[in-house]
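The structure is given below, and queries will be raised subsequently.
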Amino acid sequence: MKPSMMRSACQLLRRRSYSSTSGQPERKVAILGAAGGIGQPLALLMKLNPLVSSLSLYDIAGTPGVAADISHINTPALAKGFMGEDQLKEALEGSDVVIIPAGVPRKPGMTRDDLFNINAGIVKNLAIAIAKYCPNALVNMISNPVNSTVPIAAEVFKKAGTYDEKRLFGVTTLDVVRAKTFYAGKANVPVTDVNVPVVGGHAGITILPLFSQATPATNALSHEDIKALTKRTQDGGTEVVEAKAGKGSATLSMAYAGAVFADACLKGLNGVPDIVECSYVQSTVTELPFFASKVKLGKNGVEEVLGLGELSDFEKEGLENLKGELKSSIEKGIKFANEN
Ligand code: NAD
Ligand code: LMR
């Protein structure tokens, strides 16, 4: 069966019901890696999200406890725990959004790419299960190295005949969250008013914040300030890894960022207009097949991948500098998916 026919068949098989209390569509969100450092606070935030009616918490260990705990919170989302591969089918079936923070985090001195050997296999197996049990779900990939794990999932979905580029997202929201915080602090503007697009990928120099497009605009920042803000945003993950001194990487800020992005996906699915977030998606914005930029979200996931807008000379240089590393991370993911 052609991928498009398979998708419509699956769509026909699914009944969309609406909550009798809120009138919102019933939405199931699954978190894979739900007992981890990100998974637990993310599960909490999704339990608090009024758009979620069913919350599926999957991990290889620990989910009965997390689910029992979360399920006592008096919000509408029905939380259920699933543990081990034989429960993965039930965990995934009927999911509208699948969030993946499964895998190992960095320790000081490691790059995100150093996680590839372990996380690539984890992500590949989870993607195989998603293709089988919920091929229509929007997939929010958090597991690092995101620059490679997203292409891995894409290849798995292609092989399974379920790939829809509109439904696969690398979560780069934490880069945006950091850029907003650091900009607000330096420019001395209220952080809740700030917006900063971050493009490229999610590792080191592939993270390219576009402070020239930051709002509210300010001329209080020198070129040196912008350079320092850019470097701090690019090194934000490492700053946390070093501060945690061997006890993992960003979990709380990532859970917040993951919840913001999942909420945007749910709003898009529900037909809320003008939902725009930065995300690492299949793209024609540059010559690279995957690239993070502003994305408009809609009823089918990506509605439009937005362009980069006008860049400063410094940003143009950053863009050229990141392409080599991003290209090889993408190729590494594709190769792994096809050879393993
Ligand atoms: P963690 O070790 O605390 O939690 C990971 C969880 O994944 C654990 O509970 C583990 O049991 C589970 N897991 C392992 N294999 C699994 C499998 N096959 N199926 C389901 N669950 C599985 O790590 P963490 O701090 O939560 O980080 C998770 C990942 O997120 C890491 O790869 C990290 O680098 C990444 N991360 C990404 C971003 C981002 O911005 N995209 C930010 C922070 C961390
Ligand atoms: C982050 O940006 O915090 C994550 O990618 C985790 C890491 O390893 O830095």
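Note that the numbers count up from 1, one per residue, in the order the chain is shown.
From the backbone N, Cα and C atoms, a Cβ is placed for every residue, glycine too.
Just so you know, TrEMBL annotations are computer predictions that nobody has curated.
Reproduced below are the annotations present in TrEMBL:
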DOMAIN    28-170  domain 'Lactate/malate dehydrogenase N-terminal'
BINDING   Gly33, Ala34, Ala35, Gly36, Gly37, Ile38, Gly39, Asp59, Asn119, Ile142, Ser143, Asn144, Met254  NAD(+) binding site
BINDING   Arg106, Arg112, Asn144, Arg178  substrate binding site
DOMAIN    172-336  domain 'Lactate/malate dehydrogenase C-terminal'
ACT_SITE  His202  active site, proton acceptor
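In terms of burial and nearby residues, how do these features look in this structure?
In sequence order, Ala102, Gly103, Val104, Ser143, Asn144, Pro145, Thr149 make up the list of same-chain residues 6 or more apart from Asn119 (NAD(+) binding site) whose Cβ falls under 8 Å from its Cβ.
Around Arg112 (substrate binding site), a 10 Å sphere centred on its CB holds 26 further CB atoms from the protein chains shown. Secondary structure at Arg112 (substrate binding site), as computed by DSSP, is helix.
Across all of the domain 'Lactate/malate dehydrogenase C-terminal' (172-336), the predicted model scores a mean pLDDT of 98.
Applying an 8 A CB threshold to same-chain residues 6+ apart, the list for His202 (active site, proton acceptor) reads Arg112, Asn144, Pro145, Val146, Asn147, Gly170, Val171, Thr172, Asp175, Tyr280, Ala292.
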How do the residues of the domain 'Lactate/malate dehydrogenase N-terminal' (28-170) split into helix, strand and coil according to DSSP?
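Tallying H, G and I as helix, E and B as strand, the rest coil: 66 helix, 28 strand, 49 coil.
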Where among the binding-site residues Gly33, Gly37, Gly39 do you find the Cβ with the fewest other Cβ atoms within 10 Å?
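Counting other Cβ atoms within 10 Å of each of the binding-site residues Gly33, Gly37, Gly39, the minimum falls on Gly37.
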Quick one: which of the binding-site residues (Arg106, Arg112, Asn119, Asn144) have their CB closer than 6 Å to ligand 2?
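Within range of ligand 2: Arg106, Arg112, Asn144.
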In Å, rounded, how far does the Cα of Ala35 (NAD(+) binding site) sit from the Cα of Arg106 (substrate binding site)?
17
Roughly how many Å lie between the Cα atoms of Arg178 (substrate binding site) and Met254 (NAD(+) binding site), rounded to a whole value?
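Arg178 (substrate binding site) and Met254 (NAD(+) binding site) have their Cα atoms 10 Å apart.
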Taking the residues Arg106, Arg112, Asn144, Arg178 listed for substrate, what is the greatest CA to CA distance in Å, to the nearest whole number?
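Taking every pair of listed residues, the largest Cα separation comes to 18 Å.
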By the DSSP assignment reduced to helix, strand and coil, which category contains His202 (active site, proton acceptor)?
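Reduced to three states, the DSSP call for His202 (active site, proton acceptor) is coil.
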